[in-house]
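Q: Please see the structure below; I have some questions.
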Amino acid sequence: FCCQTRQALVFHCNFSIMLNNHVQTGLCKFQLISGFRSFLERHCPAVIERFCPTPWCWGGRLQTLVRVIIKSGPPVVYRNELIRTKDGGQISLDWVDNSKSEAYPDSSSRPTVLILPGLTGNSKQTYVLHAVSQATRRGYRSVVFNNRGFGGEELLTPITFSAADTSDLEWVIRHVKQRFPQAPLLGTGVSLGGILLLNYLARKGSEADLLAGITMSVSWDTLESCASLEQPVNKLLFNRHLTSNLCKAISRHRKVLEAVVDVDHVIKARTIREFDERYTSVMFGYKSCRDYYQDASPGYKLPQTAVPVLCLNAADDPFSPKHAIPVALAQSLPNVALVVTAHGGHIGYLEGLFPRGEGYMDRLFGQFIQAVFDHPGDLKRACEVKENLTD
């Protein structure tokens with residue numbers, strides 16, 4: 001199903017649910033006995049909550065920028081673990097074991113949240129710290145998967161990551177499940193981390209080894225996202241900065257990477273598309289950058305997913321244009337919930353006059369993971385039953 005806030009549809013009602021090409025508006029003009037939608041309405045009320053952005057921070061670009069500047073992160077102490085990969089590389093994992101958890105004192109069965117940061121991000125990002133805080137206060141364990149070369153570790157092999165390559169994520173999930181085979185595991189992906197998670201879920205289907213997934217501010221069509229980020233204002237505000245961070249990472253690992261790519265040519269890139277043309281598509285063997293973007297885009301792969309997944313997007317996200325959000329496709333899938341707000345920007349969702357602390361995105365995340373871990377049986381049954389709309 002697809003749940004859109006009042007702001008998104010501009011209807012005079014508390015919420016609107018779109019299902020099977022019908023729109024039901026108002027206060028409960030429908031009745032549902034089962035299904036993913038009713039599961040979320042019952043256990044994760046934020047999906048039908050009215051999101052009111054910070055009055056002085058209304059637009060998507062402003063929400064995106066201000067979040068980076070103003071939002072604070074709760075204190076988090078990690079335990080770092082470096083794991084080796086089949087190709088001789090290493091991946092940095094940051095754990096919060098939550099050994100003092102009163103709700104789950106037995107470490108072997110303590111629910112675990114796996115968090116995938118965005119492009120150039122790592123466990124220090126404020127949105128990651130808030131996610132960890134939400135999980136910790138509920139008694140869960142957290143582990144942050146830092147992409148190769150971005151977690152502070154040395155790059156041992158000449159390979160980093162791409163949004164389409166899920167091999168490292170598969171390796172991490174296998175490692176976590178081997179460590180805690182009795183502990184339920186939920187995957188969380190933000191921005192590029194969400195792309196990676198959705199691609200993994202589509203590739204593995206019912207063998208994903210995850211109880212559920214949640215993504216926030218995903219770019220559903222990377223070609224459309226690139227086009228949006230190449231608009232003059234977005235290029236100035238976001239594209240160049242992200243590209244600069246990517247180039248700095250490549251330069252940092254020059255000694256290892258110069259054996260397979262022209263590092264000097266790569267670090268002259270001024271846009272993400274140029275970077276992917278010179279580095280990512282070359283590193284991962286694509287004939288063109290367009291081929292890479294097609295392979296990386298998760299939108300059309302949603303029917304291949306099997307586990308329940310909740311996806312949060314804002315219609316004014318400069319990274320993910322609203323026309324590329326797969327609303328129609330999500331409506332037809334019993335295991336996919338797509339929540340689209342009219343405002344929120346990219347990983348923004350700032351609310352209140354002084355939006356330094358917890359926001360809507362953090363609250364939605366916290367409610368969802370608790371719903372999944374507290375009611376796994378209800379969730380499984382809900383996603384196995386096809387919903388029927390009634391007037």
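Glycine is no exception: its Cβ is also placed from the backbone N, Cα and C atoms.
TrEMBL lists these features:
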ACT_SITE  Ser191  active site, charge relay system
ACT_SITE  Asp317  active site, charge relay system
ACT_SITE  His346  active site, charge relay system
DOMAIN    109-325  domain 'Serine aminopeptidase S33'
Q: Whole-number Å only: compute the distance from the Cα of His346 (active site, charge relay system) to the Cα of Ser191 (active site, charge relay system).
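A: His346 (active site, charge relay system) and Ser191 (active site, charge relay system) have their Cα atoms 8 Å apart.
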Q: Looking only at the domain 'Serine aminopeptidase S33' (109-325), report the model's average pLDDT.
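A: Averaging the confidence scores along the domain 'Serine aminopeptidase S33' (109-325) gives 97.
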Q: What's the CA-CA gap between Ser191 (active site, charge relay system) and Asp317 (active site, charge relay system) in angstrom, rounded?
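A: Each residue's Cα considered, Ser191 (active site, charge relay system) and Asp317 (active site, charge relay system) end up 11 Å apart.
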Q: How many other Cβ atoms are found within 10 Å of the Cβ atom of His346 (active site, charge relay system), counting all protein chains shown?
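A: Result for His346 (active site, charge relay system): 26 neighbouring Cβ atoms inside 10 Å.
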Q: Over all shown protein chains, what is the count of other CB atoms within 10 A of the CB belonging to Ser191 (active site, charge relay system)?
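A: Excluding its own Cβ, the number within 10 Å is 27.
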